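Notes follow once the structure below has been shown.
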Amino acid sequence: MDQSNRYADLSLTEAELIAGGQHILCAYKMKPKAGHRYLEAAAHFAAESSTGTNVEVCTTDEFTKGVDALVYHIDEASEDMRIAYPLDLFDRNMTDGRMMMASFLTLTIGNNQGMGDIEHAKMVDFYVPRRGIELFDGPSKDISDLWRMLGRPVKDGGYIAGTIIKPKLGLRPEPFARAAYEFWLGGDFIKNDEPQGNQVFAPLKKVIPLVYDSMKRAMDETGEAKLFSMNITADDHFEMCARADFALEAFGPDADKLAFLVDGYVGGPGMITTARRQYPNQYLHYHRAGHGAVTSPSSKRGYTAYVLAKMSRLQGASGIHVGTMGYGKMEGDKDDRACAYIIERDSYTGPVYHQEWYGMKPTTPIISGGMNALRLPGFFENLGHGNVINTAGGGAYGHIDSPAAGARSLRQAYDCWKAGADPVEWARDHYEFARAFESFPQDADQLYPGWRHKLRPAA
């Protein structure tokens, strides 16, 4: 059934829709299946995403038609389809009237992903008007809160050197806590790897007090504050809160140095919102494990990593992993810096839409996945700044000397970039950074050819 007379209006302009402030706009790359006309398939997509179905129903009235989603732009050659969703379509909380990400996803990326007349459709950008922005929670804490605890300026406080406890699984409580202590002697921030939780060989009630003891020892010995991001991901929100509450009690007077990590893609938006609302005084660390199933460029359905990052800020994530932009082991390229810019800036023009954030706090880009000191100078140069958290697991625990030396090499890499220095020359006067060349020789050969002749290996 051709529904384009009702669910498409190509006379609408994007500028008018944005000026009106009453619609969320979504841009997709959409291709219909063979034998289906583009506008007809697009209109069916909009119908399925809002008030319609595959036939006319007798219960539809004029009010219903007033909240139809409308296709307002198509370009078949570039597979560009854009839809305007009235704000009133989206579900609101009974308790406080605020918007919810679950409803946004249900409408804009729900049943339309399995429609029989659509070959593929992937959301590449979306726009939220001011009224919508103000109805989402947004972050309660941001990187400035971490800088403050670390004794740094709250503006442009710089690079936070972090790690992931490695190996990913298999450490018992005492070795786990020892690994944390050894890194904290040189670094700032430690996160659980995403599978680490309450395994039978490492129960949280034993691990967390030992980790806190390691933190206190490291703070006493270095005179620096330290930060720990604990994984509270669980199927049950009550279990999440039980883990969080236990950790807060264990950390006691240093509870402000405790962040909560939530696997937001596998756990869903309800898990992020639970953590954001139940623990507004903690830094909310959004891990995105599994996202590549839909965000990968090889997938033509779902949504992009840029869309995921943008959603995370609306939900209230203090920080989210944004990949390594081609400088680490994760899929991506240099242009992925847009994922960082949309979450950290007050406004940004993405692939399709310009987004203003109207005072919503920023979300920190978290860089992780195959990074080490040798890869960081190029990464910072591409991004244009170092106001990020970097969690380098192998980059710290794979350092030839120690995890503490690995942490120092990461800090020295940031200082190298900030000074505009040549990394090989910088290594001559920065021992831990120099030893990173020997720790990761394949990277050194690729990134800094001739380093072996220019840099005498340390004894």
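Cβ from N, Cα, C; glycine included.
Annotation source Swiss-Prot lists substrate binding site at Asn111, Lys168, Arg288, His321, Ser368, citing sequence analysis. Positions annotated as active site, proton acceptor by Swiss-Prot, on the basis of sequence analysis: Lys166, His287. According to Swiss-Prot, the feature Mg(2+) binding site maps to Lys191, Asp193, Glu194, an assignment based on sequence analysis. The feature N6-carboxylysine is assigned by Swiss-Prot to Lys191. According to Swiss-Prot, the feature site 'Transition state stabilizer' maps to Lys329, an assignment based on sequence analysis.
Recorded features from Swiss-Prot, shown on the structure.
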{"residue": "Asn111", "record": "substrate binding site", "Cβ neighbours (10 Å)": "12"}
{"residue": "Lys166", "record": "active site, proton acceptor", "Cβ neighbours (10 Å)": "19"}
{"residue": "Lys168", "record": "substrate binding site", "Cβ neighbours (10 Å)": "13"}
{"residue": "Lys191", "record": "Mg(2+) binding site", "Cβ neighbours (10 Å)": "26"}
{"residue": "Asp193", "record": "Mg(2+) binding site", "Cβ neighbours (10 Å)": "20"}
{"residue": "Glu194", "record": "Mg(2+) binding site", "Cβ neighbours (10 Å)": "19"}
{"residue": "His287", "record": "active site, proton acceptor", "Cβ neighbours (10 Å)": "27"}
{"residue": "Arg288", "record": "substrate binding site", "Cβ neighbours (10 Å)": "22"}
{"residue": "His321", "record": "substrate binding site", "Cβ neighbours (10 Å)": "29"}
{"residue": "Ser368", "record": "substrate binding site", "Cβ neighbours (10 Å)": "25"}
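Close to Lys168 (substrate binding site), meaning Cα to Cα within 10 A, are the following recorded positions out of Lys191, Asp193, Glu194, His287: Asp193, Glu194. When the Cα of Asp193 (Mg(2+) binding site) is compared against those of the recorded positions Asn111, Lys166, His321, Ser368, the shortest separation belongs to Lys166. His321 (substrate binding site) has His287 nearby among the recorded positions Lys166, Lys191, Glu194, His287, counting only those with a Cα within 10 angstroms of its own Cα.
Taking the mean position of the Cβ atoms of Lys191, Asp193, Glu194 as the Mg(2+) site, the remaining residues of that chain whose Cβ falls within 8 Å of it are Ile164, Ile165, Lys168, Asn192, Pro195, Gln196, Ser229, Asn231, Leu261, His287, Thr391. When Cα-Cα distances from Lys166 (active site, proton acceptor) are compared across the binding-site residues Asn111, Glu194, Arg288, the shortest belongs to Glu194. Among the recorded positions Asn111, His287, Arg288, Ser368, the ones whose Cα is located within 10 Å of the Cα of Glu194 (Mg(2+) binding site) are His287, Arg288.
In this structure, Asn111 (substrate binding site) is part of a helix by DSSP. Between the CA atoms of Arg288 (substrate binding site) and Lys191 (Mg(2+) binding site) there is a gap of 14 Å.
DSSP assigns His321 (substrate binding site) to a strand segment in the three-state reduction.
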